[in-house]
Amino acid sequence: MYGKGILKGLGVTLKRFVNTYLEDIKWLGKRYYTAEGIAHRSSKNANGIFTIQYPEEKLPVPEEFRYIPFLVFDEGEDGAEIIRCTSCGICAKVCPPQCIWIVRSNDPKTGRPIPDPAEFVIDVDICMNCGLCAEYCPFDAIKMDHDYEIASYGRTVFDKEQLMKSATYYDEIRPINNSIEEAARKAKEEAKAAMAAARAEKAAKAAEEN
Amino acid sequence: MVTPAQAPTLDLVTRFPEGVVADEREGYEGYLVAADKLVEVATALRDEFGFDYLSSVSGVDYIAEEMLEVVYHAYKTIGGPGLVFKVQVARKKAEVPSLMDVYPGVDFQEREAWDLMGINFLGHPDLRRILLWEGFEGHPLRKDWKEAYYEADVKPFKSRWPEGNFFRSEEKATYQANVQYPDKFDPEKWVPEGEDALYGALAKYEDVDNTGLKTDHITINLGPQHPSTHGVFRIATILDGETIVSLKPVMGYLHRNHEKIGERNTYLQNMPFTDRLDYLSSMSNNFGYALAVEKLMNIEVPERAEYIRVIMAEMTRVQNHLFAIGMFLNDIGAFFTPSLYAIEERELVLDIFEIVSGSRMMCNYFRFGGLARDLPAGSLEMIKGLAFERLPRRVDEMDRFLSDNEILRSRCVGQGVLSAEDAIKYAAAGPMLRASGVPYDIRRADPYSIYDRFDFDVAVRYNGDIYDRYIIRMDEIRQSLRIIQQAVEQIPEGPIQTGKPQYQVRVPAGEAYGRVEGPKGELGFYVVSDGKPNPYRYHVRAPSFINLTAFGPMCTGLKIADVVAVLGSIDIVLGETDR
Amino acid sequence: MENKDLNSPGYEIPDDIKGSVSITSIDRIYNWGRRSSIWPLMFGLACCAIEMICTAASRYDFSRFGMEVMRPSPRQADMMLVSGTVTKKMAPTIVRLYNQMPEPKYVVAMGACASGGGPFKEGYSVVSGVDKLIPVDVYIPGCPPTPQALINGLIKLQELIDTQSIKKVRWYQKGELAAVPIPILGPDLIYQRDIPAISDAKKEA
């Protein structure tokens with residue numbers, strides 16, 4: 001029969017239309033603006049209306065999500081910001097579009113280079129959000145941010161001031177990664193301490209023998 | 001199912017004692033053919049040895065040796081490994097006979113090599129610039145050509161570290177922009193070359209019809225800004241009434257210098273750039289590039305990583321085909337509803353990509369010898385949920401929705417036919433080739449990674465019309481889901497990376513061609529290494545680009561309204577077409 | 001906009017007609033009308049266009065902001081969403097499209113490429129940001145911006161529209177608005193403003 005295919009297709013749209021209301025009844029007002037509702041609408045069982053009502057409700061950001069990089073600082077006891085970056089330059093070298101600029105700094109007294117970067121600039125209008133800088137940073141100092149709400153009325157270039165974010169913030173957005181890295185750092189420090197202890201012992205022994 | 005053929009027992013050197021020698025450079029393979037023998041050798045390869053499918057043409061500029069090389073990769077459509085043959089010519093007089101008469105599929109690729117490398121293909125009927133515009137100064141992929149923002153031959157740039165003082169490239173450039181002009185250029189006397197060459201290349205028809213009435217040619221341009229061209233793509237046609245007499249695709253509106261930038265990048269830095277080739281299927285692009293470089297480095301990938309790679313590549317195929325179907329139906333007049341349904345399912349796949357790799361579209365997930373990171377907890381369950389429960393149901397629904405629709409059928413069945421012979425001739429790849437009745441799928445014909453372990457069918461349809469090209473994508477989604485279902489059941493525990501992750505890989509000198517069956521067709525990466533941290537030559541065999549070769553012949557004789565349907569059924573992505 | 005924002009304070013409305021009378025300024029109602037029906041130009045350049053399509057599709061659905069009417073013709077569009085890399089070959093077309101759009105018109109640069117050239121900036125045929133060609137109102141960083149980031153940018157555009165005053169907007173000023181000169185494809189892209197400088201350079205050489 002001519003038109004059977006068309007009717008079959010219209011059946012699909014009708015089913016979808018009805019499904020939305022059936023889902024609404026099933027959830028009784030909890031479908032929107034609740035965490036479960038959003039999770040359900042993004043799951044394999046999602047049915048009916050699919051829309052996330054941004055900005056009132058937002059999709060949860062997965063841990064690995066990457067946007068613009070930021071620099072992690074540890075909080076010192078008196079609120080001092082201790083930057084983790086040692087300006088080793090690996091991020092700048094690995095960056096595919098070369099959007100990271102790092103100025104190294106010198107100790108004012110000795111004139112020797114010190115690890116603290118004097119300036120750290122990321123041209124956000126070049127950055128391709130690839131995450132290689134964060135992946136290969138040996139000091140866990142540069143990480144990918146989750147904040148995507150940064151539209152502005154001008155071009156965007158982030159300097160060191162704007163890039164700095166606390167380790168607490170990092171732990172908030174990437175708890176699993178942070179705990180793994182912290183454990184690795186701890187193990188490294190312990191190994192270092194053990195080695196130093198062993199060396200001291202050896203030296204002491206050597207002194208004793210002499 | 002195609003059984004892979006035995007390794008070719010051919011010896012080109014014995015067949016052609018004069019003019020052919022084996023390529024004996026360290027790390028290189030194949031044969032070197034003298035330029036004057038090229039057409040003869042190619043004809044013999046096609047007719048005597050059965051290499052009927054010339055997949056890729058790449059130019060390489062060996063500036064130290066003062067020569068240009070054209071590298072051809074030929075395959076058999078009955079399967080099996082390929083054959084590489086090369087032609088070397090002097091840089092100053094770069095002239096190579098065109099293979100248009102033997103393999104018409106080289107059409108755009110030769111034009112590309114002319115445009116970017118300045119290799120003149122003698123006998124090519126329409127050797128115009130293809131990615132840049134007529135009048136552009138120079139051939140940018142030559143090693144001695146430098147752009148306005150040129151900083152250094154290779155990355156990383158010293159200005160970023162240790163110097164590190166921030167500047168914008170335009171601040172340092174003359175005219176504060178990314179432009180440069182030849183020394184004697186006078187803008188006031190400049191007459192743009194315009195489009196005469198393009199319109200001249202279109203075939204004309206008889207001006208006087210049989211009643212003696214004088215008629216005029218109608219030239220119609222679609223694009224580059226047109227809702228149905230899937231991006232910035234342009235079609236120039238000559239019409240007789242409403243019927244297409246001649247059609248030429250015009251591209252390059254998204255030419256982003258992928259290869260020039262790629263030769264400056266380190267090997268790893270190219271990985272995120274490949275994401276942006278075919279931006280709908282970044283995982284597949286990563287796969288192809290990783291294969292090519294791993295071939296050069298000669299390293300193995302751990303078992304678990306192989307499984308994850310296959311799962312991700314097949315998920316990519318699913319979401320790419322969903323998008324392609326949705327947009328195709330959109331083009332054909334089922335305005336937006338089917339694409340909304342398709343994008344809904346695609347979003348769920350993208351969620352998985354985002355959880356696994358960190359980005360919805362630009363995954364940058366593969367590394368040489370493994371992956372960037374393991375699957376996060378819970379993601380395998382999500383993949384299972386989609387592959388076993390949701391997607392099979394939703395694909396069936398999509399199929400029920402419009403496949404039997406009488407209006408759709410009357411527009412698609414029997415229209416825009418590409419015969420099997422033509423498909424091979426024009427080097428069409430992927431769903432386009434298989435919809436024409438050629439069951440050629442690299443996953444079966446020349447298996448890579450671990451595809452030989454899975455039980456799946458090569459989807460094939462036989463009519464080669466628009467409808468078959470639409471329906472074969474449904475078939476392929478179902479086969480991909482089968483592969484994913486097997487892979488998630490079998491996936492072992494274990495490491496996901498060979499050796500330590502490193503940002504500077506050591507790649508021995510040589511050449512490699514890595515190819516995968518991408519969602520659009522054969523995606524190949526031809527990489528030449530000279531042992532340095534950056535690839536010496538990096539060429540992409542882009543399926544969207546080469547599939548368009550058959551576009552003109554397919555459309556000739558159709559009505560203008562069908563062009564959009566034919567283009568939709570080819571499924572191009574401009575990022576890959578123009579690179 | 002909420003009703004309370006639209007109602008201009010400063011005028012007391014008697015209790016008996018509250019709810020049926022509303023007092024507002026012309027600016028507010030004018031901007032409210034415009035910001036609630038921004039019609040984008042259906043215009044995709046590159047990767048970001050896919051995210052733009054996803055934003056238009058059912059999950060993010062920017063028709064909630066009155067933007068669902070994507071116009072393929074520039075004559076009917078209010079906003080040009082430059083979604084992707086602007087190449088030199090495309091530059092004349094983009095300027096032409098911009099010139100064809102009627103006032104009031106806005107340009108949103110979506111993603112790194114449109115904002116400043118992006119990862120392809122160093123390439124020989126890429127324009128370093130669409131603001132080299134036409135004025136841009138909102139920049140959205142990201143490569144590509146996720147659909148939520150795009151909507152965030154579009155909300156920024158709405159906020160920009162809210163601040164405009166009918167007395168000062170450029171399209172109600174006296175005199176004709178000059179069209180943006182279309183760049184020419186020469187041996188490289190020629191911006192018309194640069195022509196004298198290029199001629200001088202030639203004479204010096």
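Each residue, glycine too, has its Cβ placed from N, Cα and C.
Annotated features in TrEMBL:
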type     : residues                             : note
BINDING  : C:Cys47, C:Cys48, C:Cys113, C:Cys143 : [4Fe-4S] cluster binding site
DOMAIN   : C:47-157                             : domain 'NADH:ubiquinone oxidoreductase-like 20kDa subunit'
TRANSMEM : C:38-57                              : transmembrane segment
Which ones in the same chain are close to C:Cys48 ([4Fe-4S] cluster binding site), with CB under 8 Å and 6+ residues apart in sequence? C:Ser83, C:Gly84, C:Met110, C:Gly111, C:Cys113, C:Ala114, C:Pro144, C:Pro145
DSSP on C:Cys47 ([4Fe-4S] cluster binding site), three-state: which is it? helix
Chain A proximity: which binding-site residues among C:Cys47, C:Cys48, C:Cys143 have CB distances under 8 Å? Answer 'none' if there are none. C:Cys143
May I ask you to report the DSSP-based helix, strand or coil state of C:Cys113 ([4Fe-4S] cluster binding site)? helix
So for C:Cys113 ([4Fe-4S] cluster binding site), how many other CB atoms are inside 10 Å of its CB? 34
C:Cys143 ([4Fe-4S] cluster binding site), number of other Cβ atoms within 10 Å: 28
So if I draw a 10 Å sphere around the Cβ of C:Cys47 ([4Fe-4S] cluster binding site), how many other Cβ atoms end up inside it? 30
Return the average pLDDT for the domain 'NADH:ubiquinone oxidoreductase-like 20kDa subunit' (C:47-157) as a whole number. 90
Binding-site residues among C:Cys47, C:Cys48, C:Cys143 whose Cβ lies under 8 Å from any chain B Cβ: C:Cys47, C:Cys143
